[in-house]
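Per TrEMBL, the feature domain 'Cytochrome oxidase subunit I profile' maps to B:1-509. Here TrEMBL flags B:12-32, B:52-74, B:86-106, B:126-152, B:173-197, B:209-233, B:245-263, B:283-306, B:327-347, B:367-384, B:405-425, B:445-470 as transmembrane segment.
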């Protein structure tokens with residue numbers, strides 16, 4: 001078998017192939033790592049080594065300095081899919097006890113009779129974030145703010161775990177009678193409005209976004225208006241303000257009513 | 001010798017069945033996002049369909065064609081029964097199981113992450129596991145091709161390996177190595193997160209791994225096509241291969257430089273250094289070399305056939321070609337599409353031009369023209385050529401075959417040319433719908449509509465193709481005679497370097513280390529580049 | 001002349017023709033690579049020069065991508081820096097404003113998944129990968145409005161992720177930035 005000889009430095013094919021390949025590599029590397037970095041004035045290379053390092057992509061960590069003072073009245077919560085950490089074994093029980101003080105507005109089973117948001121089955125991350133925002137003032141509400149002020153970190157986590165554990169109201173959308181409004185399923189692309197459903201249920205969910213099916217229309221509408229006017233600002237990096245600002249009053253109504261839709265029987269027995 | 005007919009037929013039938021299904025999805029997507037339809041009532045369905053279409057067309061269909069054709073090549077060109085047929089069946093069933101396993105979560109909307117995966121988006125683990133099984137099944141084929149070649153070499157010491165097998169094994173090695181990038185991404189990064197063992201992932205690193213696979217996979221798709229150019233076309237039109245050596249050099253160049261160039265897909269990514277991008281760009285230019293060589297050799301081979309048929313004059317010989325022969329028609333169409341697609345590719349590979357069209361509809365137009373056009377039309381030709389030998393039945397629908405190829409060619413041009421155009425206008429990729437009423441988007445509406453019509457022409461052609469194969473399967477039995485590949489004008493001489501792969505594999509791996517080593521090592525060793533996963537479809 | 005001689009002669013001719021074609025092919029490729037290098041040197045159109053990392057979960061808490069710092073900032077050297085965030089499923093600010101005929105640098109990142117940053121009608125086109133900062137130098141020739149769609153699949157809702165870039169007269173921009181340290185055209 002002649003195969004083995006090819007891999008020897010004495011074989012002319014070997015010498016040529018390796019030589020040409022190495023030559024091309026060296027030539028392009030010289031171009032990419034030295035000539036081109038120096039040719040880019042905005043790169044401001046400080047020397048040969050810096051040129052090579054920047055072209056190789058040696059990582060620099062972004063400066064944590066803020067050129068403009070961050071607004072202290074914005075949310076401090078960090079939302080990731082890893083949240084919430086696994087709740088403590090007694091979290092739901094503890095949360096249930098704590099939740100007794102919430103029942104007046106949010107209902108004994110987490111389903112409100114007073115146009116306050118339904119909390120039953122709400123994502124834990126969502127509940128935790130809102131409580132934390134009320135507590136540190138990123139979100140303000142005459143009733144909620146004083147309640148949240150006294151909650152500890154553990155309290156907020158347990159409340160979130162408890163409400164997430166309760167069965168949620170399912171979406172109720174008898175197909176013919178009420179087709180989903182465009183804003184919920186298609187949004188308004190040219191205004192930069194993604195479909196409500198891509199984060200809030202109907203299409204998909206985004207971590208940290210609340211489940212809106214069955215929420216009182218008045219509540220959803222009020223929040224959208226508050227986001228649009230900038231009165232509510234606890235959404236991370238203007239995520240919701242971007243959307244609400246560009247929604248028409250009709251679209252706000254349609255979205256609120258569509259999500260609020262519930263079977264007639266359910267509304268009365270609650 | 002073609003003993004494993006059932007094995008080859010099983011691969012081809014499965015390939016073309018899933019191709020037909022994915023084609024329906026493709027045409028539906030073209031239609032649904034065009035101005036011919038109102039906005040889809042659930043955009044999630046669009047991305048679901050897109051994931052299925054891409055996964056099947058990218059991973060399952062071409063892999064099966066390459067495998068089936070590879071087994072046929074091994075038996076016919078080496079004239080020896082396939083060693084390890086049981087293993088080959090095992091590989092086939094792994095692909096069946098993998099494809100089904102991947103498609104179930106996709107159909108349920110639990111893995112709408114597109115076939116390019118896009119972490120930190122994370123879907124159902126079964127989707128990724130299914131894809132891994134498909135790849136593992138194809139690796140069995142890679143091993144079998146190597147085993148069969150070695151057995152032949154042992155029996156024929158010093159003899160030149162027949163060109164079809166030489167190219168086939170080069171293609172299998174290329175695939176074996178290029179699949180490693182995506183395999184590393186899936187096994188080390190995505191699956192642990194999908195199973196919930198980890199909750200963070202380095203999205204930048206995963207894009208680098210994926211680029212390792214993403215470009216060379218196109219050359220893996222291309223291999224059966226190039227093998228057909230060299231070893232089927234000249235024989236089918238009554239000519240000979242102009243140069244056996246040139247063919248070998250082309251395949252070796254593919255093996256060496258098709259893979260360490262993938263970062264031209266990440267020109268716009270912030271996690272890779274500009275120096276490496278430039279190196280990859282230059283090596284990408286190099287990969288045009290084997291294609292230019294091939295174009296020359298095949299044109300020369302075709303001219304030889306024409307002159308043997310009495311063609312004269314500097315260009316007059318073109319008329320003497322057997323245009324009623326579907327293979328002739330297919331290769332002509334394939335070359336035209338390769339020419340346009342290749343020209344577009346030159347734009348993508350140069351950083352300065354790429355910024356204009358990066359991730360726009362231009363890119364989708366480009367790879368549909370190259371893969372769906374130039375490559376797949378030769379898959380049809382391969383099937384037409386092999387079918388009588390696989391089924392033992394005559395194939396008499398020559399008229400239908402020509403119509404099918406014409407439809408595919410016209411459909412592909414009508415689909416992809418407007419697609420390129422809207423890309424230049426800046427139309428982004430992979431959106432379920434566009435607001436054509438907006439004055440800034442309105443100029444794209446007509447082009448998108450044309451594209452959708454092209455999509456339906458393609459669908460008609462694809463279905464016609466399956467009808468032709470089915471009809472042939474029911475035709476009267478007829479002995480098709482011995483299957484053979486094209487002969488070379490000048491019989492090959494055994495040049496050791498062009499008869500084995502060791503040197504070229506060493507160069508391929510070496511270039512992987514130089515071109516990918518540092519970017520991968522740096523990101524893999526840093527812990528601060530991992531970001532939280534974003535799970536899709538888990539809580540609809 | 002025997003047939004064998006004839007064959008050898010033919011093979012030699014074939015080899016010569018092949019060699020010529022191969023040389024031509026290589027020349028084409030060298031020209032292509034050379035053109036890329038030339039454009040890189042003379043128009044300074046090269047990929048982002050440095051790799052910069054950032055922790056995506058906390059960009060809203062500190063550093064340059066906090067809400068108060070997003071938008072266009074006039075720099076002392078007369079250039080303008082535009083900082084933006086691409087997130088599921090919007091850009092912030094959703095309307096960016098830049099002066100015409102002025103060096104502009106876009107700095108952007110993503111807190112969640114991969115997004116695309118493409119300003120139609122320009123060559124400004126890059127990826128936003130969570131964990132990394134993308135930086136693109138640019139210069140707009142004349143006032144006007146550009147659409148800015150996300151060009152990478154980022155989940156259901158991707159189709160609704162469009163922003164705008166407004167190019168205004170330099171003096172108009174300076175008036176705007178004298179009132180606000182960070183300028184946007186979000187109404």
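From the backbone N, Cα and C atoms, a Cβ is placed for every residue, glycine too.
Below 8 A, the CB atoms of the transmembrane segment (B:173-197) and the transmembrane segment (B:245-263) form 3+ pairs separated by six or more positions in the chain.
Counting C-beta pairs under 8 angstroms (sequence separation of 6 or more), the transmembrane segment (B:327-347) fails to reach the transmembrane segment (B:52-74), with fewer than 3 such pairs. Contacts between the transmembrane segment (B:367-384) and the transmembrane segment (B:209-233): present, as 3 or more C-beta pairs lie under 8 angstroms, all at sequence separation of six or more. Of the ranges B:12-32, B:86-106, B:126-152, B:209-233, B:445-470, the one with the most Cβ pairs under 8 Å to the transmembrane segment (B:52-74) is B:12-32.
Between the transmembrane segment (B:126-152) and the transmembrane segment (B:86-106) there are at least 3 Cβ pairs closer than 8 Å, counting only pairs 6 or more residues apart in sequence, which means the two stretches are in contact.
Counting residues 6+ beyond its ends, the transmembrane segment (B:283-306) has Cβ neighbours under 8 Å at 215, 219, 226, 229-230, 233-234, 237-243, 246-247, 249-251, 253-254, 257-258, 260-261, 264, 317-318, 320-322, 331, 335, 338, 342, 345-346, 349, 486, 489, 511, 515 in the same chain. When the stretches B:12-32, B:86-106, B:209-233 are ranked by Cβ pairs under 8 Å to the transmembrane segment (B:445-470), first place goes to B:12-32.
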